[in-house]
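Enquirer: Pasting in a structure now, in structure tokens, and then I'll have a few things to ask.
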Amino acid sequence: MIKLCVFDFDATLMDGETIDILATAHGKGNQISEITRYAMAGELDFFESLQKRVSFLKGMSYKKVLELGSTLPLMHGAHELIQYLKSKNIQIVIFSGGFHEGIDPAMQKLGINLGFANYLHHKNDILTGLIGGEIMFSNSKGLMLQRLKSFLNLKTDEVMCVGDGANDLAMFNESGLKIAFCAKEILRSQADICIDIKDLKEIIKVI
């Protein structure tokens, strides 16, 4: 019986990539979106690509970041899936290689209480181009899930996870039910279930 569901955020619970949205607003969209694409396909080191992408945001207004973060579009079916999981008493957590500035408003909207992500460093309301946080490496989600399972006294087969990119592989390895949602091939090959319709309600049919 599933007791915990771990979600990726960008391109999973949220319809898009937070860093690409921020970069576009900062006039750096083309530079960052290509790096994001290669990183999520597993063709670049996640830590190095994250640092490089965030460096392009240097000079951006932090107030603007918060404004954009509060209006990120949720994936179709997100509300319905979260409500379904809650009705089954399944605990929900977000693991994001993105930013708290994006996931925190979404957590409020969806009624999710726990999320792990990174923080955009800023000084005098201006991004410095630096980043820190809990999910900065390709293995971060796996290590975080190990700790969470231990803390909650859960077995691997009591955990499901939903993701789309290469940095979700590590949490797949710690999960009993692995769901690839509109995912890159590197993740699809390791999944128990692949959902190719861009609607999170499809997951309700298979769990």
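From the backbone N, Cα and C atoms, a Cβ is placed for every residue, glycine too.
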Enquirer: In Swiss-Prot, the substrate site includes Glu17, Arg53, Ser96, Gly97, Asn167. Which of Lys141, Lys198, Lys201, Lys205 does it also list there?
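Expert: Looking at Lys141, Lys198, Lys201, Lys205, the one Swiss-Prot places in the substrate site next to Glu17, Arg53, Ser96, Gly97, Asn167 is Lys141.
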Enquirer: Which one of Asp104, Asp125, Asp157, Asp164 goes with Asp8, Asp10 at the Mg(2+) site, as Swiss-Prot has it?
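Expert: Answer, per Swiss-Prot (Mg(2+) site with Asp8, Asp10), from Asp104, Asp125, Asp157, Asp164: Asp164.
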Enquirer: Relative to the Cβ of Asp10 (active site, proton donor), which residues of the same chain, six or more apart in sequence, are found under 8 Å away?
Expert: Gly16, Glu17, Thr18, Ile19, Ser96, Gly97, Gly98, Gly102, Asp164, Gly165
Enquirer: Among the recorded positions Asp8, Glu17, Asp164, which residue has the largest number of other Cβ atoms within 10 Å of its own Cβ?
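Expert: The residue with the most neighbouring Cβ atoms within 10 Å is Asp8.
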